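S.K.: For reference, the structure I am asking about is given below.
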Amino acid sequence: MGSYYINRTFFFDVHPPLGKMLIGLAGYLSGYDGTFPFQKPGDRYEQHNYMGMRGFCAFLGSCLVPFAYLTVLELSKSLPAALLTAFILIFDTGCITLSQYILLDPILMFFLMGAVLSMVKCNSCADRPFSASWWLWLSLTGVNLAGAMGVKFVGLFVVLLVGLNTIYDLWDLLGNLSLSLVMFGKHFLARVLCLILLPLTLYVAMFAVHFAVLNKSGPGDGFFSSAFQSQLIGNNLHNVSIPEHLAYGSVVTMKNLRMAGGYLHSHWHLYPEGVGARQQQVTAYLHKDLNNLWIIKKHDSDIDLLDSSSPVEFVRHGDIIRLEHKETSRNLHSHQHEAPLTRKHFQVTGYGINGTGDSNDFWRIEVVGRRAGKLIKVLRSKIRLTHVATGCILGSSGKTLPKWGWEQVEVTCTPYVKETPNSLWNFEDHINPKLPNISLDVLKPSFVEILLESHMVMIRGNSGLKPKDNEVTSKPWHWPINYQGLRFSGVNETDYRVYLLGNPVVWWLNLFTIGLYLLIAISTAVVLKRGVQLTSEHKELSRVVLCGGGQVALGWLLHYLPFFMMGRVLYFHHYFPAMLFSSMLTGITWDTLLKFFSQFLSPSTTARRVYGGGILTLILLITYSFYLFHPLSYGMIGPMASDPSSPMAGLRWMDSWEF
C-alpha cells in the first residue's frame, strides 16, 4: 500500500489511510521506488531500498518505551514504577517483533500512547489552566487522537478513554463553586476546540490528501460508485464517452447501489449439490471482470439487434427484458428455490443454452421515480429488476458466499418489495456501436460525498473480513494468556524463523497483576469508605492506586473488552494496545504494593532494601526471560523446536506455541 501511494494507484483498505501514507512517505524519502511486488513473506528485496520503511516503523515502536515511562512517572510520581514499566516493554519479544516490520501496529500504538501521555500531562497542568503548557498538551492530545483514528478504527477506543477523562474533568470543574460559569464555559470551549474540532479537521485533511494523491485507477475501483470511478485516471469511466440511453442489444455491466454491493456477475461454476437448483452461479463481484458483462435482449425475440440493418430500439421504463450473460450465454433466472444464505429469499441463477431458456428468465425493468415509457439513462438512472413470474426483486444481500462461491457476494431475489440500495442498480459500462456517445464529466461527486462513501465501504469491509486459507486467527480470551502466536517468517532449518509471541514471563505477570490490582483497588476503596485513619504516605499510595492505576486499568478494559462483541475475524496482534496498558498497570501496582509492605518494616534501611530488592528482582526476572526467548524476535535457526536437540525445545511451555 505504501507502493500504491508512491505510484499514485487507487486501492481499497478497511482502515483509514494515515498509516499507509506515512509508510509510503518514509519509503519515498529514503529512495524506495514503489516497484517491489510484496507478494509473500520471505521474498528478497534485492536492490529495493526497504530500510527507510522498516526504520520508520522501528523508530515509532521504540518510542512506546519513553511514552510509557513518562506516563507512569506522571501518574505515580515514582521513578522505580516508571523504570519497571520501561523494562517490561523493552524486553517484550512481541513488541519487538511487531515494531521491526512494515506494519500499521507500531504507528497506531505510537499515536495511542502519545494521546495517553498528552492527556496525563494536561491533567497535571490542571492547577494552571490556559497556560502555554496546558494548551500545548491539550492540543497534542487532539493531534494524537486524529493520528490514532487515522491509522485504524480501533483508535476510537483511545478517543473514548480521553472522552471519559474529559467528561470527568468537566464534571469536577462544574462542582467547583469558586469557578464562575463564564470560566467553566471557556474550559468547555477549549476542550471542544482541541479534542473535537482539531482532530476532526486533521482526520478529514488526511482523506483530502489520500484522494488527491491516489488519482490513478487501481485494484480498489470496484468497491466504489461509478461516479467516484469516473475521476480516476486510467479507469474505463475516466474522460470516457458512452451512449446515454439504454437500447436492446447493448452490452452492459450492472452495479448494485449498496455500498460495496458489487457488479452483477456470473461464471461457469454451478451451485453445489444441496444449494437450491444445481444451475450456474450468479453473484456480485467487487472487481472489474469480463464475467460482469450482460447483453440486454427482448423477452420474446432473439434477433441480432446489433446488426447494422436493424433499427435502434431503446429500453423503456416498464419493459420486460431478458439479460443474457455474455461469456456463458445463459440467462439471468430466478425461481422459488431458497437462496444460499438469506432465508425466504429466492435463488438467482444462470439458465438456458445460447440464450434459450424459459419464462423464469423474464424481468420487468423499472426506473425509480419515472413514468412508464421513459428512456433509461446509463449511470444516472436507479433501476429495479422485478421477476415477472414470482414478483420478487433482484438484489445484493451483502453476505459473503463460502469458498464454493469464491467468497463473492450473494445475489438473491427478494419477495419483500421495499426500496433499499440492496435492490437498486445502475448501468455502468455501456457498449453499443449504433448509438452516439456523451461525456461523463457531469457525474463528478463532491468531496463530502466521496468521504461518506469511503467510510461506508470501509465499515462494511471491516465487518465482512474473513480469514484466508491456513491463516491463524484467535479469540480474545486467548490473548492475555499468550495462548498462541503467529509465524512471521521462515519455514525450514536454514531460514531465520521469527514468531510473534509475547515474553511469557511479562505477559503472565501482567495477567496476574490485573487480578492483583482489582483486589488492591477494592480493598483501598473499602478502607477509604469506612473512614479508616491513614498516614500521609498511605493516602498518597491510595491516590496512586485509585486515580493513576484506575486510568490505566480503564484504558486496558476499553482496548480489550470491545473485541468480545466484534463479529469480524480477529488476530493476536489486536491485543497489543491493551498490552501497553496492562504493562503500565503492572509497573504502578507492584511499586505501590512493595511500598506499602516496606512501610511496616523498620529500620528505614531495611524497608528501602526490601522495596529496592523487590523491584530489582522483577527487572532481573524480566531480563532473564528475554535472554531465553529473544530468538522468537530476532530469528531462530537450526533444528525445529520439536527436535530435542533444538535450543528452543525446552521453551515450548505450551503445546499451542508453534515455534
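Placement of Cβ uses the backbone N, Cα and C atoms for every residue, glycine included.
Just lifted these from TrEMBL, have a look:
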| type | residues | note |
| --- | --- | --- |
| TRANSMEM | 51-72 | transmembrane segment |
| TRANSMEM | 79-101 | transmembrane segment |
| TRANSMEM | 135-168 | transmembrane segment |
| TRANSMEM | 188-214 | transmembrane segment |
| DOMAIN | 243-299 | domain 'MIR' |
| DOMAIN | 312-368 | domain 'MIR' |
| DOMAIN | 373-430 | domain 'MIR' |
| TRANSMEM | 505-528 | transmembrane segment |
| TRANSMEM | 540-558 | transmembrane segment |
| TRANSMEM | 570-590 | transmembrane segment |
| TRANSMEM | 610-629 | transmembrane segment |
S.K.: DSSP helix, strand and coil counts for the domain 'MIR' (312-368)?
M.R.: 3 helix, 29 strand, 25 coil
S.K.: With Cβ-Cβ distances below 8 Å as the criterion, list the same-chain residues six or more beyond the ends of the transmembrane segment (188-214) that contact it, or say none.
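M.R.: For the transmembrane segment (188-214), the far contacts come to 4-5, 8-11, 16-18, 21, 130, 135, 138-139, 141-143, 145-147, 149-150, 159, 162-163, 166, 170, 447, 450-451, 454.
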S.K.: Taking every residue in the domain 'MIR' (373-430), what is their average pLDDT?
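M.R.: Taking every residue of the domain 'MIR' (373-430) together, the mean pLDDT is 85.
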S.K.: What is the three-state DSSP composition of the domain 'MIR' (243-299), stated as helix, strand and coil residue counts?
M.R.: 3 helix, 28 strand, 26 coil
S.K.: Would you kindly list the residues that approach the transmembrane segment (135-168) from elsewhere in its chain, counting only those six or more residues past its ends and only Cβ-Cβ distances under 8 Å?
M.R.: 15-19, 104, 107-108, 110-112, 114-116, 118-119, 121-123, 125, 190-191, 194-196, 198-200, 202-203, 206, 458-459, 462, 551, 554-555, 558-559, 562, 574, 577
